[in-house]
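S.K.: Have a look at this one before I ask anything.
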Amino acid sequence: MKSAAILALLAQALAVTAQPVEGDRTPGTRTLDLPNFPGGSVPTRGVEKRADLPPDNGGGNAPDPDKVHIVGVTYGGTGCPDGTVSHVLSDDRQIMTLIFDQYVAQIGPGVNTKENRKNCQLNINLRYPGGFQFSVFSADYRGYANLEKGVSGTQKSIYYFSGQTEQTSTSTTWKGPIDKDYILHDEANQTSTVWSPCGANGALNINSQVRLTATDRNARGILTNDSVDTSFKQIVHVRWQQCTN
């Protein structure tokens, strides 16, 4: 059951909480000024889930959970500029909590074009026993899309390890008119899975973005990595295997 324990452990690694973080700033709900959509109010939103969580890979290919630790996180980007991300590492060094305040893309009359695309580069340092390596096989994202006709929104993520050129990417595009919460489960193609180096700790990089385009310059849209409070929830699932060399 070690593999199941590892998956449960790292599935929480980037989970979001709304509790104050001791020693850091106190995050809170931020009200977002939505564009003026026809009707004057935001209609009821549905929830979309793209796929179910994949099964545990099983077997004895995972390291002891007590020897897997998140030792540091760095970040940067227009969606997470300095000072806009709260983070805390649990006492057992097993859980990383991140809360983003400015991960929102907007488009429409009077909106600066710089607001059409937001991105965030995350670097997550993991320490784990030698003889093992891991890969990201899926990630969950939760957000909100309100797009008028003529507006398209894209959420994309790229995963890679420091010092390696191989990448795994996932992407989803919505076309307006649409108004809904979304829950995405991105599962990497098995043929393009990227593994951390053997015999070395893995620095996992996640470069994510939300982007809006429009064929009608009068159309409006907003795309976030969570609903109106704009807190961003991301859960990363990993697969372990023993090194073969």
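Note: Cβ is positioned from N, Cα and C throughout, glycine not excepted.
As the structure is a computational prediction, the values presented were derived from the model and not from experiment.
As annotated in Swiss-Prot:
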type	residues	note
SIGNAL	1-18	signal peptide
REGION	21-66	region 'Disordered'
CARBOHYD	Asn189	N-linked glycosylation site
CARBOHYD	Asn225	N-linked glycosylation site
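Could you give the neighbours, burial and distances for every feature on this list?
M.R.: Secondary structure from DSSP puts Asn225 (N-linked glycosylation site) in coil.
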S.K.: Including all protein chains shown, what's the count of other C-beta atoms within 10 A of the C-beta of Asn225 (N-linked glycosylation site)?
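M.R.: So the Cβ neighbour count for Asn225 (N-linked glycosylation site) comes to 27.
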